[in-house]
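Asker: My questions will all concern the structure given below.
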Amino acid sequence: MTQFTDIDKLAVSTIRILAVDTVSKANSGHPGAPLGMAPAAHVLWSQMRMNPTNPDWINRDRFVLSNGHAVALLYSMLHLTGYDLSIEDLKQFRQLGSRTPGHPEFELPGVEVTTGPLGQGISNAVGMAMAQANLAATYNKPGFTLSDNYTYVFLGDGCLQEGISSEASSLAGHLKLGNLIAIYDDNKITIDGATSISFDEDVAKRYEAYGWEVLYVENGNEDLAGIAKAIAQAKLSKDKPTLIKMTTTIGYGSLHAGSHSVHGAPLKADDVKQLKSKFGFNPDKSFVVPQEVYDHYQKTILKPGVEANNKWNKLFSEYQKKFPELGAELARRLSGQLPANWESKLPTYTAKDSAVATRKLSETVLEDVYNQLPELIGGSADLTPSNLTRWKEALDFQPPSSGSGNYSGRYIRYGIREHAMGAIMNGISAFGANYKPYGGTFLNFVSYAAGAVRLSALSGHPVIWVATHDSIGVGEDGPTHQPIETLAHFRSLPNIQVWRPADGNEVSAAYKNSLESKHTPSIIALSRQNLPQLEGSSIESASKGGYVLQDVANPDIILVATGSEVSLSVEAAKTLAAKNIKARVVSLPDFFTFDKQPLEYRLSVLPDNVPIMSVEVLATTCWGKYAHQSFGIDRFGASGKAPEVFKFFGFTPEGVAERAQKTIAFYKGDKLISPLKKAF
């Protein structure tokens with residue numbers, strides 16, 4: 001067991017004062033949790049295996065700050081332990097353009113995931129632990145332990161109150177993730193006051209019921225040995241994740257310690273002075289780090305981390321010689337590259353092929369590419385038979401003791417936990433090794449996971465949502481299951497691909513773009529009902545996000561559509577042709593990708609001087625960027641047989657043609673410019 005001395009106490013005091021100075025300089029932030037959690041941070045980081053000079057080393061221990069408001073603690077630790085974060089960076093905390101934003105963001109070396117919305121971090125940590133278990137089961141060999149890292153997470157009462165933490169923690173217990181250790185900052189304070197006003201459940205019993213090991217540290221403010229003992233004991237648990245319930249005092253050392261007033265506001269000047277005096281620091285100086293503290297962390301963290309990384313590099317070099325195929329595969333994954341020519345396995349179709357639901361075409365893609373992509377790992381939120389997300393030879397990701405799979409399996413049974421699924425996918429992606437996680441549910445229920453989807457986009461995790469039952473085509477299940485506003489919501493997010501493919505070639509294009517994406521997540525919205533294969537579609541064209549599917553010379557109108565309404569627009573164009581009205585049909589499967597194309601190309605698809613009408617059985621919000629007139633559904637759906645529901649809302653060839661004629665008449669004589677053209 002580690003023996004703690006005066007240098008450890010000085011290091012803890014330094015962390016506390018540095019975090020307080022960081023918040024005070026910004027005159028904004030959260031000093032309370034860092035003051036209470038500093039001892040745990042010091043002890044944990046002194047035991048974690050990491051290399052600050054190579055923060056992306058694949059076998060490093062991961063640290064997730066789920067209570068992201070305590071980020072001054074994380075920034076202090078990154079600075080003290082040798083990461084690329086200077087005192088000047090700390091002084092710029094929460095300032096525009098700084099490297100130290102108000103909550104942890106994934107881009108900073110040493111920050112594993114973006115946190116802040118409570119409950120996301122613990123769920124990300126579950127994903128990281130799952131990824132590690134899969135990597136180890138896939139590549140470890142006797143004498144060659146390439147992957148054995150732990151994932152550690154700090155979380156607070158707020159995280160535990162969020163429903164997502166229950167979803168993720170329940171799954172972690174089921175999966176017996178012994179590589180996951182969570183330290184619960186039990187300070188009994190929330191923003192409104194004591195937790196007793198709204199939160200008095202027995203957290204320990206709750207986590208025991210989930211299948212976790214639960215350990216206790218009664219004095220997290222000072223008991224370094226007790227914290228170290230709990231972490232060491234947690235690492236002995238190989239078939240259960242561990243929750244260390246650590247009692248702390250929020251704002252420890254402050255005049256307002258133990259109260260909610262110290263949670264989210266800088267300490268007053270007199271409080272800072274007495275705090276510094278109490279911990280042996282000059283009350284008139286700020287951002288002071290004793291050299292012996294730097295030296296201590298250099299000795300206990302930086303030097304051992306570099307040595308461990310070098311040792312791993314030698315081991316991997318030997319591994320590549322003994323297991324050349326696996327070694328080359330892992331090296332490729334660590335470089336962030338997909339296998340050469342993997343896309344040649346994507347299925348292609350002609351208009352003579354039979355009509356098939358795009359969810360079924362998605363299943364075909366997964367079936368065709370899974371052997372090519374060992375980094376592909378996915379599942380469904382208890383909708384596998386509906387989402388069609390499991391390839392025939394898939395092995396479930398399950399604890400070996402379950403008898404129904406093992407950790408080398410790449411199909412995840414998420415249960416009915418959409419929000420956790422989204423955050424877990426973020427964690428799997430953030431782990432590294434080029435993991436490509438996907439998760440299936442109904443499109444309408446991706447909304448349950450909106451918080452996780454937003455963080456995917458903000459962080460640049462290229463996760464994939466396989467979102468089936470994408471419209472009123474759901475039919476009898478009715479408006480509770482029929483998405484209306486869902487795509488408009490997610491299309492409004494920055495940095496996300498939202499695909500709604502119309503046929504097999506477009507489904508393949510959606511997967512191609514999504515799997516090749518480095519920093520952008522994707523939602524692939526798929527139909528329940530059969531759709532025809534289209535004349536004029538191709539993977540190459542659809543990969544641009546939008547293209548001319550069927551053209552005529554000098555069109556009177558352009559019909560631009562997505563998904564099931566593309567084939568409907570083709571039929572409407574025939575109806576119009578019978579009336580001597582010429583219509584171009586444009587398919588626009590993904591706005592985001594189309595917007596990335598050169599303006600010249602986009603204007604060739606949606607040009608000036610022709611009225612453009614969008615056709616989509618969803619909310620018309622967002623279509624103003626591409627169409628002069630929109631035909632959609634801006635009310636909730638209806639229960640009934642799908643063809644009857646389409647007819648009820650006017651989505652028939654005749655209904656589309658009628659509205660196209662009205663659009664032509666409305667804009668007749670006007671000098672139209674493309675909606676793509678804007679002043680700025």
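Backbone N, Cα and C atoms are what each Cβ position is placed from, and that goes for glycine too.
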Asker: Labelled ubiquitin cross-link in Swiss-Prot - which residue from LYS574, LYS647, LYS662 would that be?
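Answerer: In Swiss-Prot, LYS647 carries the ubiquitin cross-link label; others show none in the record.
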Asker: Which residue among SER277, SER286, SER362 does Swiss-Prot mark as phosphoserine?
Answerer: SER286
Asker: Pick the one from ASP157, ASP202, ASP223 that Swiss-Prot also lists for the Mg(2+) site with ASN187, ILE189.
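Answerer: Within the candidate list, Swiss-Prot flags ASP157.
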Asker: Same thiamine diphosphate site as HIS69, GLY116, PRO117, LEU118, GLY158, ASN187, GLU418, PHE445 according to Swiss-Prot: which of HIS263, HIS296, HIS519?
Answerer: HIS263
Asker: Given that Swiss-Prot lists HIS30, HIS263, ARG359, SER386, HIS469, ARG528 as binding substrate, which residue among ASP21, ASP271, ASP368, ASP477 does it place in the same site?
Answerer: ASP477
Asker: Out of ASN187, SER286, SER335, SER402, SER492, which of the recorded positions has the smallest number of neighbouring Cβ atoms within 10 Å?
Answerer: SER335
Asker: Sort out the sequence-distant neighbours of HIS263 (thiamine diphosphate binding site) for me: same chain, 6+ apart, CB within less than 8 Å of its CB, listed by position.
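Answerer: Looking at Cβ-Cβ distances below 8 Å from HIS263 (thiamine diphosphate binding site), excluding near sequence neighbours, one finds HIS30, GLY32, ALA33, ILE189, THR190, ILE191, ILE250, GLY251.
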Asker: So which other residues, same chain and not among ASP157, ASN187, ILE189, have a Cβ within 8 Å of the centroid of the Cβ atoms at the Mg(2+) site?
Answerer: GLY156, ASP185, ASP186, LYS188, THR190, THR195, ILE250
Asker: For GLU418 (active site, proton donor), write down the residues of its own chain that are at least 6 apart in sequence and whose Cβ falls under 8 Å from its Cβ; none is a fine answer.
Answerer: ALA381, THR441, PHE445, VAL446, TYR448, ALA449
